[in-house]
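Encoded as structure tokens, the structure appears first; notes follow it.
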Amino acid sequence: MGIWLNESSVDGFILLGIFSQSQTDLLLFSTVMLVFTVALCGNVLLILLIYTDPRLHTPMYFFLSQLSLMDLMLVCNIVPKMAVNFLSGRKSISFAGCGIQIGFFVSLVGSEGLLLGLMAYDRYVAISHPLHYPILMSQKVCLQIAGSSWAFGILDGIIQMVAAMSLPYCGSRYIDHFFCEVPALLKLACADTSLFDTLLFACCVFMLLLPFSIIVTSYARILGAVLRMHSAQSRKKALATCSSHLTAVSLFYGAAMFIYLRPRRYRAPSHDKVVSIFYTVLTPMLNPLIYSLRNREVMGALRKGLDRCRVGSQH
């Protein structure tokens, strides 16, 4: 328990947040809460559809259900505390609460980054090696892929949480952010953080750049396979399948790399807070919409579920 006992552990920290009490910020807060509600409902609905409809019991939808679960946990880790602080006017967070928020946040973002990379590999196998797909992406392999994403993400979260909470915070208690994010917290440390910066960069390389390189390689090969297809309809179907994943990848990795891979001298709290909204709130809302509205199987499962509910209510 020693890592929790330093100069800031008694009082904790103050989250300055992203909203003030102005009319404009009240409107922005209402918008964020609407986005949070859509993210919550969308991801829960997508998980239920994938779980209950046998037609969606395929590797791609299994990975999608894991992605939705990660997104669901991510928004629930950040937004409720932000809402309580804004509505109550109390912006404090305990030292232990800050550490727990960091642990969950880093674990979920790391897991999602790895899973998105491995989902690109799944699309590559499905398009380039369709005959071998059932063997290469068996149930055992799918469980191993999902399990490894969760395991490495959780390990990354524990490492960064322990390292961040071990630093002394004897100066300002004001975190210029709406949640405990590592780069914002490090600015308050009254010790040399160069070793931690190196550790953070190494974790980001493994959890962001490595899966991103898998995505780039997979889609380069997918593009080559698509161009070799003789049927225009097959090319269109393959590109439609991949476009949803590419949209989700662009939103997630664009925001995460902007926050974690920039040199410290180029970081500005106002920019970081706005960009963080993208992968903590906006991406979890957009993912179920991106993957469902452009997907016939998911929309078919949704219509089937609604029809079942309608018939049940009539009886």
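Heads up, residue numbers simply count up from 1 along the chain you see.
Using the three backbone atoms N, Cα and C, a Cβ is placed for every residue, glycine included.
As the structure is a computational prediction, the values presented were derived from the model and not from experiment.
What Swiss-Prot records for Cys98-Cys180 is disulfide bond, and it gives sequence analysis as the kind of evidence. Annotation note: Cys98 (disulfide bond) sits in a helical segment as assigned by DSSP.
The transmembrane segment feature in Swiss-Prot is assigned to 31-51 (among others).
Feature annotation from Swiss-Prot assigns transmembrane segment to 59-79 (among others). Among residues of the same chain six or more beyond the transmembrane segment (59-79), those with a C-beta under 8 A of the stretch's C-beta atoms are 32-33, 36, 39-40, 43-44, 46-47, 50-51, 101, 104-105, 108-109, 111-112, 115-116, 118-119, 122-123, 126, 137, 142, 145-146, 149-150, 178-179, 248, 280-281, 283-285, 287-288, 291, 297-298.
What Swiss-Prot lists as transmembrane segment is 100-120 (among others).
According to Swiss-Prot, the transmembrane segment annotation covers 145-165 (among others). The list of residues near the transmembrane segment (145-165) in space but at least 6 beyond its ends in sequence, with Cβ under 8 angstroms from a Cβ of it, reads 3-4, 62-63, 66, 95, 98-100, 102-115, 118, 122, 182, 185-186, 196, 199-200, 203, 206-207.
Taken from Swiss-Prot, the feature transmembrane segment applies to 196-216 (among others).
For 239-259 (among others), the entry in Swiss-Prot reads transmembrane segment, with the evidence type sequence analysis.
Look at Swiss-Prot and you will find 273-293 (among others) tagged as transmembrane segment.
Counting every protein chain shown, the Cβ of Cys98 (disulfide bond) has 24 other Cβ atoms within 10 Å.
Listed by sequence, the residues of this chain that lie at least six past the ends of the transmembrane segment (31-51) yet keep a Cβ under 8 A from its Cβ atoms are 57, 61-62, 64-65, 68-69, 71-72, 75-76, 79, 82-83, 277, 281-282, 284-285, 287-289, 291-292, 298, 301-302, 305. For the transmembrane segment (239-259), the neighbouring stretch richest in Cβ pairs under 8 Å, chosen from 100-120, 196-216, 273-293, is 273-293. Around Cys180 (disulfide bond), the same-chain residues at least 6 positions away in sequence with a Cβ under 8 Å from its Cβ are Phe13, Leu15, Ile93, Gly97, Cys98, Gly99, Gln101, Ile102, Phe105.
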